[in-house]
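A quick write-up on the structure given underneath.
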């Protein structure tokens, strides 16, 4: 006896509202059968969902700015030629860290992100997605509080790793939800609003970390952001979310009607024990197939594994070393405020402009690659010229223009990631994108630039070498213009699998059940 028909067969049955036998004839009450997924909770509107995800994303990146700010990151103990020493400050001074060790702290979150991202992306197919977000954000909150109470370099490094676990629970779902919820003519603009929180959050983190670190103590900055994230961790457990458009077939509570037969709960539980191992193997097999589909997709590979990695190598080092480089090159007394202000203004304007321009051009993957290449090239030119100038005011003008064009790529690059793959691959696409750009991009860039600076001891030269990599990213994205790039986001030709679920008291959302899902 088969466990289920293909999704289209179930859909036709729902449309006809015909079952093999009425529930009453099988000894079932009509209330024990749920034909459709639960209605969308009234509190959730597309606009509120966008705001919710934007605030969470903002706090996540405030943390990145906090640990990079001079007030929190601090400086190492130094001595002049006369033997007069200045005590260090912040994290670097308190734990007496080299620039390489200091750079590792900015990259440590990647360990948790790398391990947890594929796991969370896979679990969204069989577990309540907002519950997963709640778990991840709870870990994030505890880890941020742990950073504030750190007593050694290794303890704070471990806490930074756990921060990555919290981010992993969030990144796989936010962009697909926003892409589903946004009006058709404003999809890229909505993505731009979400990704605008990256530069804005980092910039706010600079200012917040600099103020708290200078006025109180660097530890209070971490405790403050942990308190800000706590309500959203609770929110993940308390509210029911919207439904992704590529959700599986609807689930039936308590009893499953299949063809001319039915299964009681007890019968299904007995059957489930025999198919559990087979189901787990199928999930691993499906994950391997999904990964292969991403790796062989030329558009995805050029966009993420080449262009976006090179881009994030530069952005990651900018965000971490920017205030310190500005302080040393141009003797900025308020480097945190300066870089924070530039990044807030140019990050918001640039990110929103990139999204709105692509929408006005009738968004497509081809046009997104043109915008990516052109904006990155212009941004590279202005940033390179900025670090060549001796004047502080000239630097501010050119660097602001460079950041404007550099951040204009945020919406287009993620638009390509969402639309070059089938709908069911979108969560994994975003997870692998984030893991890749971090593990090969901004994670190694911070310690590598730290090593470079330790050896050449010239922040201007280090900044120019780093900025030149943006030209490489622009060239790689230009290659994407010539690739065949059909929009696959509406492709429904993928193999149909329906899922039989035993209700355990948790609402069935996203077309996926909780722990007891079995695929045929």
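Just so you know, the numbers here start at 1 and follow the chain as drawn.
Even glycines carry a Cβ here, placed using N, Cα and C.
Note that this is a predicted model, so its numbers are computed, not measured.
Of the listed segments 220-239, 240-259, 260-279, TrEMBL assigns transmembrane segment to 220-239. TrEMBL lists transmembrane segment for one of the ranges 104-123, 484-503, namely 104-123. Mean model confidence of the domain 'Major facilitator superfamily (MFS) profile' (49-486) amounts to 80 (pLDDT, 0 to 100 scale).
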